[in-house]
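Below is one structure; the comments refer to it alone.
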Amino acid sequence: MGQKLLLTFLHYQRYLGLSDLDYSEAGRGYWLHATWYSYAAQFLVAGTFFSALVAALSEPLYYINTGSMTGNIFDNAVMMTASVTQLLANLWFRSQQQTQVALLQRLSKVKEHLQVDTVALSTPRRMYRLWVGTWFFYGYMVGSFAASFWLAKPKLSHALTLLGFGLRVMSANFQYTCYSGMVCLLQRLLRAQAEELQNLVDTHPIPLEALAKSLRVHDEILMLGQREFVQVYGGVLLFLFLYQVMQCVLIFYVSTLKGSLNLRTTLTMSGWLSPMLLYLILPLMVNDVSNQDPPSGELCVYYKICRYLGIFCIDYNLSKQRFWLRRSLICYVVHFAVQTYLIGCIAIMVLYWNHAFKEEMTQTGNHFDRLVMLLALGMLLVQNAWLIWLQAPHLRIVRKLEFYRRKHLQHLRFQLPKRLLWIIIISNMLYLYNFVKICVLEWLSDATRLFVITALGFPIRYLVTSFTMGTYCCMVHLMRHLLLSNQSQISLIISQIQDPKLGSANVLRLRGCLDMHDRLVLLCNVEISLVYGFIAWLSWMFASLDVTGVIYLAMVVPSLRNPCVQIVGYLVWLTPSLMTCGASFMSNRVALQANKTAKILAKVPRTGTGLDRMIEKFLLKNLRQQPILTAYGFFALDKSTLFKLFTAIFTYMVILVQFKEMENSTKSINKF
C-alpha cells in the first residue's frame with residue numbers, strides 16, 4: 001500500500017454499496033471508482049432495504065409477543081424504521097462521497113507532512129475486528145431467530161424483513177466503525193502536530209517559518225474536523241442514532257414485561273442489546289478531538305497503580321505535562337494499613353512461633369518454613385518504608401527519564417511496559433489462586449484462622465513487589481533504548497568525521513553524546529541504584545530463601561497430586577523469584593549496551609586533532625568496566641547474580657539436610 005493510505009478499511013465501503021470510494025495503489029490516493037460491481041452492490045442494498053420496508057408493512061414481524069397492542073405496534077414500527085433510517089443514512093453517505101474524497105486527500109497531505117503512519121494505529125484495527133466479530137454474532141442471532149420463528153411458518157415477507165435487518169446491522173456498524181476510525185486518525189494527527197510544535201519551541205533559535213507552518217497545519221486539521229468531517233458523517237450518525245435509540249427502548253420495554261421473560265429470553269435480549277449499546281456509545285467515547293493531550297508515557301499506569309497500592313505518591317499531571325508528588329490521602333491510608341497489617345502479622349508469628357508445626361516435616365524444616373514467612377513480611381515492611389521515604393530522589397529519576405525520552409525517543413512507543421503489565425496481572429491472579437487452593441485448603445487446613453490470615457501476607461508481598469520490580473524493569477528498558485539512541489548518534493558522527501567542513505560541529509556533537517552517556521551511566525550508578533538497588537538486594541536475599549523452602553517442601557511433604565500439576569504449582573510459588581531473575585536479565589542488557597560505546601569509539605581513526613584527546617580521555621575513564629546497576633553496592637545486577645543465587649540455594653539446602661539428618665539421628669538414639 002502507498003503512503004497516502006489512511007486506514008486499511010475505508011475503501012471497503014464500495015463492497016457494502018455505501019459509496020464508490022476506492023484506493024489506487026498506482027496513484028497512491030483515494031478516488032471515486034464507479035464500476036458495474038459498485039453500482040450493482042448499491043442497487044442490491046437499496047432494493048433489499050426497500051423490500052424489507054414493504055414486507056414489514058404487509059406482514060408484521062415481532063421480536064417477541066409483548067401481549068399488548070401498543071407494544072406490538074411499536075415492535076413492528078422498529079422493524080420498519082430499521083430499513084427507513086438505513087436507506088436515508090446510505091443516501092446521505094453516497095451524496096457526500098465527493099466531500100469524503102476531498103477530506104481524505106487533504107488528510108493524506110497532512111499525514112505526509114507530519115510523517116505519521118496511521119495504518120499502524122491499533123485502535124482503528126481493533127474497531128474493525130470488533131465490527132467483524134459483531135457481524136458474525138448478529139448473523140448467529142438472526143439465524144437463530146429465523147430458525148425458531150420463520151421456519152415454523154415460512155413467509156417471504158418475514159424472510160425479507162430479517163434479511164434487511166441483518167444487512168442494516170452490517171452497514172450501520174461499519175459506518176460507526178468508519179466514523180470512529182476517522183476520529184482516532186484526527187486525534188493522532190493532532191498529537192503529532194503537538195509534538196512537532198513542542199520540538200520547534202524547544203529549538204534555539206525558534207524557526208519562525210516552520211512554527212507558522214505547524215500552526216497552519218493545526219488550523220487545517222481543526223477546520224477539516226468542523227466542516228468536511230461533520231458534513232460527511234453528521235447526517236449518517238443522525239439517522240443511525242435514531243434507530244439505535246428506538247431499538248434499545250424496545251428491548252428495555254420487553255425486558256420489563258411481567259411473566260413474559262425467562263432466563264433464556266433474558267440472555268437473548270441481552271445479546272441483542274449489548275452490541276447496540278456499544279455502537280451507540282462508541283462515537284461518544286472516541287469523540288474528543290479538540291482536547292488532545294500529549295501522551296503521558298507508557299510508565300504512567302505503573303505509577304498510578306503503585307500510588308493506589310500505597311507504594312509511592314508519584315503521578316502524572318496532565319495540565320503541566322510533568323510528573324509530581326501527588327500526596328493523596330488514599331496512598332498514605334493504604335500504606336499505613338499495609339504496614340500495620342505486616343507489623344501485626346510479624347507479632348503474631350513471633351508470639352505463636354511453635355504453633356501449627358507440620359508432623360511430616362522435621363523441626364528444622366518447620367523453623368525454616370516459619371523463618372521464610374517471617375522474612376517475607378519483614379522485607380515487605382522495610383521495602384514499603386524505603387520507597388515511601390525516598391520519594392524525592394525517585395521523582396528526580398522519573399523526571400530525568402521522561403525528559404530524555406521526550407528529547408531523544410519522542411516517536412518511539414514501547415511495547416514491553418504493556419506486555420509486562422499483563423504478565424504481572426495474570427501472574428498475581430495465578431499466585432493468589434494457588435495460595436487459596438494449596439496453602440489455605442491443604443497446608444493450613446488444621447491451622448488457626450489467625451495464622452491463616454497472617455499467611456495472606458505472601459500474596460500481598462508479591463502484589464507489591466511485582467509492580468515495584470515491574471516499574472524498575474520498564475525504567476531499565478527505557479535506559480537501554482536511550483543508550484542505543486545515543487550510540488546511533490555517535491556512529492553517525494563518526495561516519496562524518498572525515499568531512500573537514502563539519503569538523504568543529506562534529507566535535508561538539510560528539511562531546512554532547514559522550515556527556516549524555518556519562519549522565520545516563522551516573523543516573524544508573526547513583527540514583528537508580530539508591531532507590532531500587534536496596535529493593536533488589538532484599539528481593540535476591542528472599543529469592544534464595546524462597547527457592548530453598550519450596551525445594552525442601554517438595555522433598556519432605558508427600559503429595560497425592562499429579563506430578564505435572566505439582567510442578568506447575570511449585571513454579572507458581574516461585575513466580576516472585578522468577579520476576580527477580582527477569583529484572584537481573586534486564587539490568588544485564590543495560591550493562592552490555594553501555595559498554596558498546598567504548599567499543600564504537602575504539603574504532604575511530606586518529607585525526608591528530610583535539611578529537612583524539614577527547615576519545616582517549618573517555619576510553620581511559622571507561623577502561624575498567626564498572627557495574628552499571630548494583631544492588632545498593634553489594635553486588636552487580638547482571639547474569640552473574642544467577643550463579644550467586646544458585647550458590648546460596650545449594651548452601652542452604654546442604655545446611656538443612658545436615659540438620660535434618662542430625663535431628664533424625666537424635667530421635668533414633670532417644671528411642672533406645
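Residue 1 is the first one shown; counting continues down the chain.
Note that Cβ sites are derived from N, Cα and C of the backbone, with glycine treated the same way.
Computed from a predicted structure; not experimentally measured.
What TrEMBL says about this one:
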type	residues	note
TRANSMEM	36-57	transmembrane segment
TRANSMEM	77-93	transmembrane segment
TRANSMEM	130-152	transmembrane segment
TRANSMEM	232-254	transmembrane segment
TRANSMEM	330-351	transmembrane segment
TRANSMEM	371-390	transmembrane segment
TRANSMEM	420-444	transmembrane segment
TRANSMEM	450-475	transmembrane segment
TRANSMEM	529-555	transmembrane segment
TRANSMEM	567-586	transmembrane segment
TRANSMEM	642-659	transmembrane segment
Recorded stretch that, among 36-57, 77-93, 567-586, 642-659, has the most CB pairs under 8 Å to the transmembrane segment (450-475): 567-586
Other parts of the chain folded back onto the transmembrane segment (232-254), taken as Cβ under 8 Å at six or more residues beyond its ends: 63-64, 66, 71, 74-75, 77-78, 81-82, 85-86, 88-89, 92-93, 96, 99-100, 103, 168, 172, 175-176, 178-179, 182, 260-261, 269, 272-273, 276-277, 279-280, 283
Contact check, the transmembrane segment (330-351) vs the transmembrane segment (371-390), 3+ Cβ pairs under 8 Å, seq sep 6+: yes
For the transmembrane segment (529-555), sequence-distant contacts whose Cβ falls under 8 Å of one of its Cβ atoms, 6 or more beyond its ends: 361, 365, 368-369, 371-372, 375-376, 379, 382-383, 386-387, 390, 393-394, 397, 465, 468-469, 472, 475, 566, 570, 573-574, 576-577, 580-581, 583-584, 629-635, 637, 641, 644-645, 648-649, 652-653, 656
